[in-house]
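Asks: Provided herewith is a single structure, encoded as structure tokens, for subsequent inquiry.
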Amino acid sequence: MIAAVPATMALAQTAENETVKARRAFYTMLGFEMGGLAAMAQGKVDYDAEAAQAHAADMVTLTGLHTADFYAPGTSKDDLPGETRALPVIWEDMGAFQEKGQAFGAALAELNTAAGEGLDALRPAVGKLGGACKACHDDFRAADF
Ligand code: HEC
């Protein structure tokens with residue numbers, strides 16, 4: 001039975017590592033879609049209504065995931081140093097964290113409407129969404145691992 005204890009711990013550790021991997025993959029995909037929009041907003045890539053709409057729609061799809069389980073307990077930077085930048089304050093103040101998520105959702109809805117309406121509509125909507133990303137990162141994401 002002694003051997004069963006470390007085996008169980010190893011399993012729990014794996015589940016938490018998998019959660020962090022999934023969480024970071026989620027944000028990587030969000031960042032990828034945002035990158036395509038930012039390139040257009042900044043004039044690095046020609047504006048393309050269809051591509052802009054696809055990026056926005058994919059972000060809407062991503063945020064339709066049940067993201068709560070990406071924030072399982074035991075997956076903060078304090079729990080898993082070197083693996084995640086998610087600050088423990090997320091779990092201490094989940095309400096404030098969710099407020100940032102809601103502001104992000106509202107900005108994304110605006111962007112989703114504006115994306116196909118030309119560069120002049122896209123640009124401010126991308127700026128606003130980027131601000132919502134940053135607002136959450138400022139409070140809840142560490143600068144390094
Ligand atoms: C409600 C809070 C919140 C919002 C809104 C948010 N993020 Fe994040 N983001 C985080 C947290 C927390 C992490 C750290 C995840 C980790 O290290 O486990 C993160 C990590 C990331 C990462 C790094 C992924 C990696 O490889 O570790 C990228 C890229 C990213 N976010 C992009 C974005 C973009 C782009 C937006 C807006 C379109 C956005 N995020 C909106 C909280 C947020």
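Glycine residues also receive a Cβ, built from the backbone N, Cα and C atoms like all the rest.
A TrEMBL annotation is a machine prediction, not a hand-curated record.
As annotated by TrEMBL, heme c binding site applies to C133, C136, H137.
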Asks: Does DSSP put H137 (heme c binding site) in a helix, in a strand, or in coil?
Replies: helix
Asks: Within 10 Å of the Cβ of C133 (heme c binding site), how many other Cβ atoms are there?
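Replies: Result for C133 (heme c binding site): 18 other Cβ atoms within 10 Å.
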Asks: Across all chains shown, how many C-beta atoms besides its own are within 10 angstroms of the C-beta of C136 (heme c binding site)?
Replies: 17
Asks: Who sits close to H137 (heme c binding site): which same-chain residues at least 6 apart have their Cβ under 8 Å from its Cβ?
Replies: none
